[in-house]
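Taken from TrEMBL, the feature compositional bias 'Basic and acidic residues' covers 875-891. TrEMBL lists 75-245, 350-635 with the feature domain 'Amino acid permease/ SLC12A'. The domain 'SLC12A transporter C-terminal' feature in TrEMBL is assigned to 759-1004. Look at TrEMBL and you will find 871-904 tagged as region 'Disordered'. Residues or ranges marked as transmembrane segment by TrEMBL: 73-93, 105-132, 152-180, 201-220, 226-245, 351-376, 396-417, 496-514, 520-541, 553-569.
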Amino acid sequence: GDETPRETSSLISTDHDDSIYGKNMALYEDEMDSTPMVSSLLNKLANYTNITQGALEHEEAESEDGIQRMGTFIGVFLPCMQNILGVILFLRLTWIVGTAGIMEALAIVFMCCSCTMLTAISMSAIATNGVVPAGGSYYMISRALGPEFGGAVGLCVYLGTTFAGSMYILGTMEIFLTYIMPNAAVFEAKSREPTGMQNNMRIYGTFCLVIMTLVVFVGVKYVNKMALVFLSCVMLSIMAIYAGVIQSAIKHRVCLLGNRTLQNSRFDKCEKTELINNVTTPTQLWKLFCKGGIENATCDEYFTHNNLTEIQAVRGLLSGVISDNMWGHYGQYRDIVSPERASDKSHDSHYVLHDVTTFFTLLVGIYFPSVTGIMAGSNRSGDLRDPQRSIPTGTIMAIATTSIIYLSCVVLFGACIEGVVLRDKYGESVNGTLAVATLAWPSSWVIVIGSFFSCCGAGLQSLTGAPRILQAIARDGIMPFLQVFGHSKSNGEPTWALLLTAAICEIGILIGSLDHVAPILSMFFLMCYLFVNLACAVQTLLRTPNWRPRFKFYHWSLSFLGMSLSLSLMFVSSWYYAFVVILFSGCIYKYIEYRGAEKEWGDGIRGLSLNAAQYALIKLEEAPPHTKNWRPQLLVLLKLDSDLGVKHPCLLSFTSQLKAGKGLTIVCSVLEGTYMAREADAKLSEKEKTKGFCHVVVSSNQRDGFSHLIQSAGLGGMKHNSVLMAWPANWKQAESSLSWKNFIETIRETTAAHQALLVAKNIDKFPTNQDRLDEGTIDVWWIVHDGGLLMLLPFLLRQHKVWRRCKMRIFTVAQMDDNSIQMKKDLQMFLYHLRLDAKVEVVEMHAGDISAFTYEKTLVMEQRSQMLKQMQLSKTEREREIQSISDESRNSIRRKPCGEKPTQSNKFQVPTIILDEEVAQGFTSYQSYMDQTNVRRMHTAVKLNEVVVKKSKGAKLVLLNMPGPPKNKGGDENYMEFLEVLTEGLERVLLVRGSSREVITIYS
């Protein structure tokens, strides 16, 4: 466990004046640095400010002019109205109604408005659960779901707001080039020819973007001052629409040739011929379809065989046109717009054509941006007088109002305007007039000019808000590559963030089509809304003590419904865009998880993890795990050097190589001393990075510390079942006997606790995680069966890339009365059922005589043990005595050649062991009282070591059954000698002592 980084609170201050507290609070004066007085806390709370990051100009203006903070209507309701009502309402809603029909258009509007309303309810709950500083939706989501989700969704909000700026600029240019100054087009765009139209939008859109960026760069205060003007234009335009419905004036007429709608910008009369001075004269319309005079004219066949019909564009509320517009009239690309559902294709520029293939899901993606903008109030939380009251009230009122406006407009458009006019996206059938403007009163220019300024204002608002969202993300430090965008000008304006926003906005403008940009920003906003609902649902279900929102009209089921609706709308609008945005968010999530700064914001995901962990631990406690679910849960006993560094780093590498079982890992160590004195050292030592848990305890001695860890490490069902430690190297030369005594006591305690024990000998020669072992073998010497752990460990090791190329070999020992051939067959069948791929070999060990070399090893071992017990030697004397015994045995004893076998008659005679006369007398006398148990054990160790070295000398790793320590503690030192002899001559050894519990099974 690393230390949990805590978020700095602006409400806590450690500054205090002794004169204030005086002697009345002397009892608490030692703790005032960390726990300020209540009066100090309340003073800070009263003076707390959450002005929007970077808005220093606004703050200065407020202090100089004495302007008070905004209330619900000005601060939340009107900004939300301005952002929700805009470009889609004026440019695309009539087309959506005409194409989808009134019923399907109502379904689209209802789904989208329901999504935003449910999101607003969730957002209101989060926004009223404490103070919301600047950062708006990003701040709320990141603090509710954590930095990973917060960063991913924050970038989605930023990109959505940026592409919204692109959409508003494209909408502004569409109004300008189509309805205000069509002659200003640089490229000719006949019949809305896509390439020419898009090129015009790109050129003028880029120019408009540069102007808007300069306005935002000069000062946000100018944008804020113009916001009310732009909002007035929106409201005036909507009022003109309603007035036109009431008045229902017939202003425009539509000319049809047969059932085909004609562009009437090229003729003035819907007639083929006209009578002038009693002379039949061809009209302008005639000249479009015919060549030559009336007598010898060559005309279009369809023109010749069909009559012209002139119908009213706006037929009025009571005309009955609502029945014709009730259901959808979807069309293919380049189909002619006509009253009937079936239509003909044409490339003739005289007709009104569909510029895109239409279908329901396309319309959903294009319409959804019209209901975005519900975050406008929460983004201004720093400017509100009472955010916790204003944000819920203002946002929900704005959504309710705009939903009523949208739903009523759908019905009124379908009830008043002719269907062919509704489906005419660019108003070509009504002299190039905006379709919705045909309904306006007193003049269509009210809506044209109003929508133009509305789109300009919305674009400026997007270019103002998006850089601040990016700046807030950058200043949080959760994504290192965004740090440069956290910088700002001297007045706080996010210059670098504004430049990046303008560059991304230019990408949207280069797409050149409002219809293509709208689904992109729909995805980003829907992703944001999805996580707002998720945040509220998680916090509600967890019932954390800090979840106490003032807004009470929320429920987790509403949040889940909003989340489901958001996800559904994403895939309904555009399934491929949805996958791209989800993949983008997932990549950002993993990046923050892998490279981002560590942040602890008390988020709900962490609380969810705690609840899930608690539930899982309780379930695990109900019954011990089945053999099929057994995996090594490792408690790694580490030793630290004087600098608190890991003494054997390879032990940690070997731990990670064993993690193919995906089990628990607890890395622990012990510091000697008292906790109060070494608390800082313990915290510092726990910062060792490992995939598991790190725990350092302070104890009076290492033996007690490791004992406590073996007994108490873990929690509930997540306790360790195996202990991994290193062999105490150089235990013979150690100044104190504590190292090997502690080692043996650890073996006894793990056995008593029914835990497996893994001891790595020569651990510093083990491979690191960066090594790749060439083809070799992992040899398992299966002497006794104590649960099957010896079989499982090589399998787990071979899952890791370090050991992947190694083959597995299993050796077992047969006695004289065993059938070695049958043993091999049985073992092969056993491994087959265990699904383990290994080579099997049975080694025969004959019950030969105990060699003189074994007696000599036992003699030296017991002499050394007795001498150390009897003599209280100083440090220097003890080392000298140990060395002299070793030298004496080496110089005076010479082994027989290996090929010569001892016989019964000479096993104690001089030909086997040649001694000096004095030593021989002592040896002969010592045989009579030598401990025969030690002799037998030494014999086993020597013989087994000879076999293991012969077979596994070149193995990459040797796994051996570890014999248990003697029951009599007097023989502990002899036990260490036995293990030394057993493993002598082997490079890497893992001694394994099972828990006597089956850990591997042949059953499925």
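Using the three backbone atoms N, Cα and C, a Cβ is placed for every residue, glycine included.
Contact between the transmembrane segment (73-93) and the transmembrane segment (351-376) is supported: at least 3 Cβ pairs lie under 8 Å, counting only residues 6 or more apart in sequence. Contacts between the transmembrane segment (520-541) and the transmembrane segment (226-245): absent, as fewer than 3 C-beta pairs lie under 8 angstroms at sequence separation of six or more. It is 496-514 that, among the stretches 105-132, 351-376, 496-514, forms the most Cβ pairs under 8 Å with the transmembrane segment (201-220). When each of 105-132, 226-245, 496-514, 553-569 is scored by its Cβ pairs under 8 Å to the transmembrane segment (351-376), the top-ranked stretch turns out to be 105-132. The list of residues near the transmembrane segment (226-245) in space but at least 6 beyond its ends in sequence, with Cβ under 8 angstroms from a Cβ of it, reads 78-79, 81-82, 85-86, 89-90, 314, 317, 405, 409, 412, 416, 436, 439-442, 446-447, 449-451, 453-454, 456-458, 460-461. Proximity of the transmembrane segment (496-514) to the transmembrane segment (553-569) is not established, fewer than 3 Cβ-Cβ distances being under 8 Å for residue pairs spaced 6 or more apart. Residues 86-87, 90-91, 137-138, 141-142, 145, 197, 200-201, 204-205, 208-209, 212, 369, 372, 375, 426-427, 432-434, 437, 448, 451-452, 455-456, 458-459, 462-463, 465-466, 469-470, 472-473, 501, 504-509, 511-514, 517-518, 520-521, 523-525, 527-528, 531, 581, 584-586, 588-589, 592 of the same chain lie 6 or more positions beyond the ends of the transmembrane segment (152-180) yet place their CB under 8 Å from a CB of it. Here the domain 'Amino acid permease/ SLC12A' (350-635) has a mean pLDDT of 85 out of 100.
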